[in-house]
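Chemist: Okay, these came from TrEMBL:
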- 147-354: domain 'ABC transmembrane type-1' (DOMAIN)
- 30-50: transmembrane segment (TRANSMEM)
- 56-77: transmembrane segment (TRANSMEM)
- 89-114: transmembrane segment (TRANSMEM)
- 146-173: transmembrane segment (TRANSMEM)
- 185-208: transmembrane segment (TRANSMEM)
- 214-232: transmembrane segment (TRANSMEM)
- 264-285: transmembrane segment (TRANSMEM)
- 332-353: transmembrane segment (TRANSMEM)
Amino acid sequence: MSTQTLDPSTLPALAEQRPKHPWRKKTPRFTVSVILAVVLPAVVIVFLWQTSTIPTPVLMVACYLPLQLVASALAALATRGRRGIADSIVIVSAIGATVFSLVVLLSLLGSLAVRGWKALSPSFIFQNNVYISPSTPLDYGGIGHAILGTALIVFLASLVAVPIGIATAIYITEVRGRAVPYVRFFVQSMSGVPSVVAGLFILTTLIVTGALTQSALAGGLAYAILMLPTVARTAEEVLRLVPDELRTGALALGSTRARTVFRVVLPAARTGIVTAIILGIARIIGETAPLLLAAGNSDQTILNPTGSPVASLPTYIFNNVALPYPDAVTRAWGAALALMILVAVLFTLARVLSRGRLGR
């Protein structure tokens with residue numbers, strides 16, 4: 001029996017002959033089909049856009065996407081047979097949904113930037129509206145009082161929601177009592193509470209009864225109702241990520257359960273808990289309805305949490321955008337841009353912290 005040996009010098013030649021992507025057969029027919037599937041719908045839509053009065057969003061959604069689906073399905077049928085039709089439809093639908101979402105997001109951000117940038121200035125950030133009328137030029141007045149009022153309301157809401165939310169997460173993940181299913185159901189139910197309901201609850205139970213007036217404290221309590229489920233659920237997920245070895249090791253060394261929670265589990269999850277707090281703040285900072293009912297509005301800088309109504313960025317936007325004065329509407333766009341920047345900073349900070357490892 002004879003054996004044949006392979007000459008090593010022939011290996012490079014064999015490697016060159018091997019196709020890099022044998023599953024891709026780029027024939028001229030395939031290339032022409034792909035080009036036609038991409039170009040023909042675009043040409044038809046451009047023609048309709050130039051010759052018809054159909055609005056551009058309707059044209060893109062009602063005409064371009066169906067044409068693209070049909071063209072892609074025909075191209076797949078011509079090149080790969082019936083098996084390629086479903087793949088082409090899924091790919092085109094996914095790309096269309098992605099592009100549509102990006103267009104909506106970019107148009108929103110573009111509108112905020114173009115219309116709100118005119119109002120942004122140092123004086124707009126730091127001044128209040130004590131001596132300002134709706135027709136006053138943009139050089140005077142600002143959102144300084146609204147920024148301070150928003151910060152005060154969010155701070156008061158955090159004082160209420162953060163301890164209760166973390167305690168709820170500890171009860172669910174560490175104590176694991178009999179009421180855990182009911183507590184979890186209650187927290188999940190609170191996540192779906194409309195913001196106006198939270199404001200109405202504070203209005204009817206505290207303000208109408210005379211226990212409080214419209215103030216930062218009342219607005220903070222309304223915000224706390226909305227912030228609590230976000231903090232509790234996020235903190236619960238973070239505490240579940242703490243390895244059980246840390247708990248069992250601390251208990252094996254003679255530590256009590258409470259000491260283990262406060263000295264081992266919470267320090268190990270401190271980065272995630274901070275992220276939960278930031279996400280809770282980002283969840284509530286743009287809500288308008290609770291503050292309209294519970295906090296009211298003011299043109300002055302109010303730092304007393306219980307004395308009188310207080311301004312906030314959402315109510316500032318709501319009150320100015322409805323006025324029939326261009327400068328007032330521009331101020332509303334400027335406040336909306338400032339609020340969007342603040343929310344973006346909070347989400348970015350939460351994203352950065354969530355990428356970090358659990359604290360030691």
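Just so you know, glycine gets a Cβ as well, placed from its N, Cα and C.
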Chemist: Should anything in the same chain at least six residues away from the transmembrane segment (185-208) have a Cβ under 8 Å from its Cβ atoms, list it; otherwise answer none.
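Modeler: For the transmembrane segment (185-208), the list is 168, 214, 218-219, 221-223, 225-226, 228-230, 232-233, 287-294.
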Chemist: So if I exclude everything within five residues of the ends of the transmembrane segment (264-285), which remaining residues of that chain have a CB under 8 angstroms from its CBs? That is, six or more out.
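Modeler: Same-chain contacts beyond the ends: 150, 154, 157-158, 161-162, 165-166, 170, 174, 223, 226-228, 230-231, 234-235, 237-239, 241-242, 246-247, 250, 255, 313, 339, 342-343, 346-347, 349-350, 353-354, 356-360.
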Chemist: Quick test of the contact rule: Cβ under 8 Å, at least six residues beyond the ends. What residues does that give for the transmembrane segment (30-50)?
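Modeler: Long-range Cβ neighbours of the transmembrane segment (30-50): 56, 59-60, 63-64, 67-68, 71-72, 74-75, 78-79.
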Chemist: Go through 89-114, 146-173, 214-232 and flag the stretch with the largest number of C-beta pairs under 8 Å relative to the transmembrane segment (332-353).
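Modeler: By the under-8 Å Cβ criterion, the transmembrane segment (332-353) pairs most with 89-114.
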Chemist: Could you tell me what the rest of the chain brings near the transmembrane segment (146-173), counting residues at least six beyond its ends with Cβ under 8 Å?
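Modeler: Contacts of the transmembrane segment (146-173) (Cβ under 8 Å, skipping residues fewer than 6 from its ends): 125, 180, 183-184, 187, 216-217, 219-221, 223-224, 227-233, 235-236, 238-240, 261, 266, 273, 276-277, 280-281, 284-285, 291, 295, 298, 301-303, 305, 310-316, 335, 338.
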